[in-house]
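What follows is a set of notes on a single structure, which appears directly below.
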Amino acid sequence: MSQSEARISNSLLLSHDNEKMFKTGGIFKKFNTIFKSTSSNPVLLFSDHLKCSYLLTVLLFKYTSASANLRPDSCNNTITQTSHHQNLTILPGGNSFNHSLISPNLNSFNHSLGEGDHLNNRQYHTVSNHTTPLVTQQAHTYKRLSHSGLQSSPQLLLGSCQGRNYSSCSHRQSAHHHQLSTHSGHKKIITMADGPFSPGDPNSFSRPELAEIKHIDLCLDVDFDTKVLCGEATYAIHVKKPDVSNVIMDVHNLTIFEILDKKTQTPLNYTVGQHVDNFGSKLDITLPADLEARHHQVDVTIKYKTAPTSSALQWLEPAQTAGKTKPYLFSQCQPIHARSMLPVQDTPSVKQTYTATINAPKDLTVLMSALKPNELENYFYQPITVPSYLIAIVVGNLANYKLSERCSVWSEPELVKDAAYEFSETETFLKTAESICGTYVWKVYDIVMLPPSFPFGGMENPCLTFVTPTLLAGDKSLASVVAHEISHSWTGNLVTNRNFEHFWLNEGFTMFVERKIAGRLKGEAERHFDALSGLKDLKQALKNLGESNPLTKLIVDLKHTHPDDAFSTCPYEKGHTFLFYLEQLLGGPQEFEPWLKKYLQEFALKSIDTDSFKTHLLSHFAHKEQIKEIDWDLWLNSTGMPPIIPKYDTSLQ
């Protein structure tokens, strides 16, 4: 298959050129998108001799079964890996293929066979069946959740929570709890699609302009036996218009037991719309009739449980962890997977505070993207409003190492010292970011290093950044990922894209701040070198995506498109290039950095679109003649490479 054919939607081109994308998690995110496809089998392409052997091994064992077979395709020079869920086709574009990659003995996969083993000669290695997973700290068995399974499951299920009680939640919420009921008298399942997506977000059913969630109280049981979260969520809802009598949320593969008016404990009527592939369903709740008497504020409790196949939750067996003795759970809600963890208005335009009381096995530690006032209780609170995609949970055998007064690192005990060394510069990164962006408002900055199945380089959950153990280089060379996630504390977490069509506002700004941190700590030439490296990554990405692909615009159209399917380097690097261009055009860092601080202050705790950014910039720099040189339409709405490349310092190249 030619390199140009890498543009098909179910393929991913791998080469040593995109090694940086692998290190920062971009390849995992892209492959994650490909593997979800239910219309065709995913394809891995190699543009040259395979040099990222570790990368391929991680991908194979992350997304397929260890008992899978690898076999040559009968028609093409390909190797197809078959798993319980799906096929994975590997297409080497060079002349050789290192078959040691598919050996079941992962401890010696690197050099068991040489690069002289040619695929054209039909040589191949078959992985024998195993009854137990084959795992190491570097690569492990991992079955990607089958989205086809989600689509075939009923969107609303009735049942019980296996007799579990939630008395431990009573001190945070009402002491009176109805037994979880299978009675369906207050439920109606709509069998036809009953309305469009939100006018403000093409990836959400919610209508926050009518009624909006302001706060969530969670009380959940963590059940490793059934791989579900089970309990209740209570929502403080603000009804914005007098003629509105309902609130709309997003749900995906959740079992709803009962919905109650918290004040009266009266069951409320609700409907669940037809399931829409990738997006789940609309949950429409009829609110109490006396809204006016309640000043249009109402608390609603939903009793529910997740599915074992929740796309937000990854349940690991003990063998898939470093310690091999205890299970592990972590969540990944970005971009729109929170709806499979709890009923929610799953759009970044809605920000809410939240609390959580978590019942988990006593020998496991629970962490969340929130503050924990008492180490002896699994109670958390997040006093700063956050979008749903930043609600996060980790449960596992975890140890803590204090890096500074406000920074700590968590990981399995076997790796905590290595993690502490690797991320020892975290406080320095944080202070440098504050000098650029303003005060850090989230109180603590903890890092949790997850097991290898975490599919990204990092995730900017507030108070608790998630990182991959692949960052443990031993020389801190990959710690810049932490600088990136720290930058998100302002650009993304405080000032958030209104929907994922404006994702560049999150990631372009974050790359810009990350590289400013590098410039402050290592010199401006280092910042320019990193920018040039990013530009090279962007060029490679555009070769794969296609220069005319509409998803290479800064503002993309996501109607009928899952944000995961639009993921690429473009919002990161094209967005960064735009901001670097603006900085040079409008007077350099001494002019641009004061504007950046004002921008972050003006829109803190808000969700905005590109027009808001544009209006603010134009107002601030209205006195500058150069402002007229910006071709906004060309920058925001054209495909391919940025229309103008800034003048970069090339002294370090």
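Just so you know, glycine gets a Cβ as well, placed from its N, Cα and C.
Fair warning: this is a prediction, and the values are worked out from it, not measured in the lab.
Site annotation for Zn(2+) in TrEMBL covers H484, H488, and the matching candidate from E507, E524 is E507. On a Cα basis, E485 (active site, proton acceptor) lies 10 Å away from E507 (Zn(2+) binding site). Look at H488 (Zn(2+) binding site): DSSP puts it in coil. In the structure as shown, the Cβ atom of E485 (active site, proton acceptor) sits within 10 Å of 25 other Cβ atoms.
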